[in-house]
Amino acid sequence: MEELLARFLQYMDSLNSGSVHTRSAYQRDIREFISFLQAEGIAELQDADRIIVMNYIAALREKPGVNGEMKNSTIARKLSSLRSFYRYLNEYVGIAQNPFLYFKTPKRAKRIPEFLFYDEMDTFLSSFDLETPDGLRDRAMFELMYACGLRVSEAAALRLCDVDLHDRIITVLGKGSKQRIVPFYALAGELLKRYLQEVRPQWMKEEHAVVFINQRGNGLTTRGIQYRMQLAADACALSVHVHPHMFRHSFATHLLDNGADLRVVQELLGHASLSTTQVYVHVTQDRLKRAYTQAHPRAQEK
């Protein structure tokens, strides 16, 4: 079974199918199912049938998750991984059945994206000391993430050739290696220019193209960016837990709040589907309703 898993992962690699994180999730999900089969005394993947899959899903539901039972979204991802694995086994190994085809993916609960209100974002971004190299780098980096709605992985991967300071645009390589062009405002451009002129040359040891680097001259990792963000959030005592994706959520929410067209926001975020972007509409509508209820004199009457 492990040999078939290795062949499937090689197949995925040959297709450039998904990110390193996607590959790791597939590997983890399939290994978990193989362990379940072995515990049930089943030695071959083709011997898994609908009853076995039902038992496996039941076992997943009994497993503890982060806050209690395992989320539907986690179970959905595991079933999707296994469905793809068996599809490969059908087409390339000759296993006749795909027992996961009979099972619907559990409905995922709609999550409302977490975001910072504009005054919270302003408090956070204004907290950096621009007279220190670390402070200037961090302010330029987080300002750009907010200005462009960047994922933390996109900020870490940004190269010098991706940045056009004159026209104030960046070329972002997003999920699935899809490129998008995103403009940024003047302040973000000024801070980025200062960082590139004043800080980056001091820290560079060997020439490379990564924009945001640490004091050793190496590109900042996603974990490094998360760490710097958490340090800054703790220092300015925001009442919410700040994480990198919150900047992307805030970018979209603030644009829609100020009248941006939904399809423009979709393009700026690099979403393949408009429905993915529409979740931010719910956020802005909820805020409007709360503001209305609090402010309209008749809304308080019963």
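Don't overthink the numbers, they just go from 1 along the chain as shown.
Backbone N, Cα and C atoms are what each Cβ position is placed from, and that goes for glycine too.
Annotated features, as they stand in TrEMBL:
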type	residues	note
DOMAIN	1-90	domain 'Core-binding (CB)'
DOMAIN	111-293	domain 'Tyr recombinase'
ACT_SITE	Arg151	active site
ACT_SITE	Lys175	active site
ACT_SITE	His245	active site
ACT_SITE	Arg248	active site
ACT_SITE	His271	active site
ACT_SITE	Tyr280	active site, O-(3'-phospho-DNA)-tyrosine intermediate
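For His271 (active site), the spatially nearest entry among the active-site residues Arg151, Lys175, Arg248 is Lys175, judged by CA separation.
Across all of the domain 'Tyr recombinase' (111-293), the predicted model scores a mean pLDDT of 88. For the pair Arg151 (active site) and His245 (active site), the Cα-Cα distance reads 6 Å. Considering only the active-site residues His245, Arg248, His271, the Cβ with the fewest other Cβ atoms within 10 Å is that of His245. His245 (active site) is 14 Å away from Lys175 (active site) when you measure Cα to Cα. Least packed by the Cβ count within 10 Å, out of the active-site residues Arg151, Lys175, is Lys175. The secondary structure of Arg248 (active site), as reduced to three states from DSSP, is helical.
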